[in-house]
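Colleague: Handing you this structure, nothing more for now.
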Amino acid sequence: MDTSPLCFSILLVLCIFIQSSALGQSLKPEPFGRRAQAVETNKTLHEMKTRFLLFGETNQGCQIRINHPDTLQECGFNSSLPLVMIIHGWSVDGVLENWIWQMVAALKSQPAQPVNVGLVDWITLAHDHYTIAVRNTRLVGKEVAALLRWLEESVQLSRSHVHLIGYSLGAHVSGFAGSSIGGTHKIGRITGLDAAGPLFEGSAPSNRLSPDDANFVDAIHTFTREHMGLSVGIKQPIGHYDFYPNGGSFQPGCHFLELYRHIAQHGFNAITQTIKCSHERSVHLFIDSLLHAGTQSMAYPCGDMNSFSQGLCLSCKKGRCNTLGYHVRQEPRSKSKRLFLVTRAQSPFKVYHYQFKIQFINQTETPIQTTFTMSLLGTKEKMQKIPITLGKGIASNKTYSFLITLDVDIGELIMIKFKWENSAVWANVWDTVQTIIPWSTGPRHSGLVLKTIRVKAGETQQRMTFCSENTDDLLLRPTQEKIFVKCEIKSKTSKRKIR
């Protein structure tokens, strides 16, 4: 088991504990009303510290000032277009992170859907002890709400045409902007990118981002692995649709092997850089959805990642599925929906999901421990030797269900090659044992029979059944590869459904 993420999470939690203890604060969710009152008394100290930047033809931000309509003209604000505002999170070094400029460029690269692209720069309030930065989120949210009200009054920009994209603490800033804007109409959309967990997990909806804060709220959870009661990203659902890539706890390609060397060289500031991989993956998944609009990542409703890994949750009936990122289908719901998907370790992050159901008949008296590989041939591409491990071994007459993901679109699946990947030595032992020991009343080589392979493609929702090309020999032997082709099987269940 890889213990590096565990060690890192413990270090992060200890850092927050140390900060909180130094400030005499508790990490338990505290009613935000008391915090807000303390912040409001010092509001004049922070009056001008939040900046609102607009990005025109260049990626150099132009500052918009509330009650200064001339700045709108100077910055090239187009009131006929929607407004998308990016809100960053907690800062350790006081510097705006590189992903901001990547997202700005990605948003501006949508010629079919032009928008005003803005940034809420609250770096001076975010660059502080975490607990203090948390307290500042409500204040900054109110300032964002004030900006939106002013734009509505001065240039008639409808708040329903506003999309706030908040990362980490910025997600909760977005929520406070939505809850404090007032009036009968809500902000159009809020996207929470791995919304911060500490001091928000388990709190009331009014004290964090929640579905009530906008007409539509979507959230992407990428670093929710919990230790000592805390997780970097919030784990609980906070939107109308909550996406959990790879289960949401940790992300592929995020290696912690260099963590200890970095700490030795740079001190505990190295933790901040290491955390970015999984926490910031939410940002890059969202950017990826903008850059690869033609290949959106599909997500599927499921109870948990364990069920999803068995391929049990690929049904998209009645519009149950949705796409992750900018182009999500916006459907407000009365109850949050949790969706799961698998991604690659790098952009483009999209994979293709398949459920495989394999029916084995083990005619021996004990479970067979072994590994297999599958090679898939599609109308577009082929994939060779995908490893398959079936838990505790193959018991008698059982169907196994599991999820396979592919990095490429192979088209329609037309053939499967299934191989028992034991050594030739094991094959000789297998034959010898069967010669010595008679297996019940069956034929000499009875043992492991592979009857059918049923497949469901998540992205296309196509169902297929594959049978052995040689129907006279269904026995699978060590080192042997069998070819399976499409076939039609009418089961009793399907007959009942037809009726």
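From the backbone N, Cα and C atoms, a Cβ is placed for every residue, glycine too.
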Colleague: I'm validating the feature mapping. Which of 86-109, 254-277, 398-421 is tagged region 'Essential for determining substrate specificity' in Swiss-Prot?
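Modeller: Based on what Swiss-Prot states, region 'Essential for determining substrate specificity' spans 254-277.
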Colleague: Quick one: pull the CA-CA distance for SER168 (active site, nucleophile) versus ASN78 (N-linked glycosylation site), whole Å only.
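Modeller: It is 29 Å, counting Cα to Cα.
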Colleague: Measuring Cα to Cα, how many Å separate ASN78 (N-linked glycosylation site) from HIS279 (active site, charge relay system)?
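Modeller: On Cα coordinates alone, these residues lie 33 Å apart.
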Colleague: Have a look around ASN397 (N-linked glycosylation site) and count the other CB atoms within 10 A of its CB, chains all included.
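Modeller: By my count, 12.
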Colleague: Of ASP194, HIS279, ASN397, which recorded positions come within 10 Å of ASN362 (N-linked glycosylation site), going by C-alpha to C-alpha distance?
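Modeller: Checking each Cα against ASN362 (N-linked glycosylation site), the hits are ASN397.
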Colleague: List the Cα distance (Å, whole number) between HIS279 (active site, charge relay system) and ASP194 (active site, charge relay system).
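Modeller: Their Cα atoms are separated by 6 Å.
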Colleague: For a quick check of packing: other C-beta atoms within 10 Å of the C-beta of HIS279 (active site, charge relay system), how many?
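Modeller: Step by step: centre on the Cβ of HIS279 (active site, charge relay system), count other Cβ atoms within 10 Å, giving 25.
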Colleague: Within the chain of ASP194 (active site, charge relay system), which residues six or more apart in sequence place their C-beta under 8 angstroms from its C-beta?
Modeller: TYR167, SER168, ALA171, ILE220, HIS221, THR222, PHE223, VAL232, GLY233, ILE234, HIS279, GLU280, ARG281, SER282, VAL283
Colleague: For the recorded positions ASN78, SER168, ASN362, which Cβ has the most other Cβ atoms within 10 Å, all shown protein chains included?
Modeller: SER168
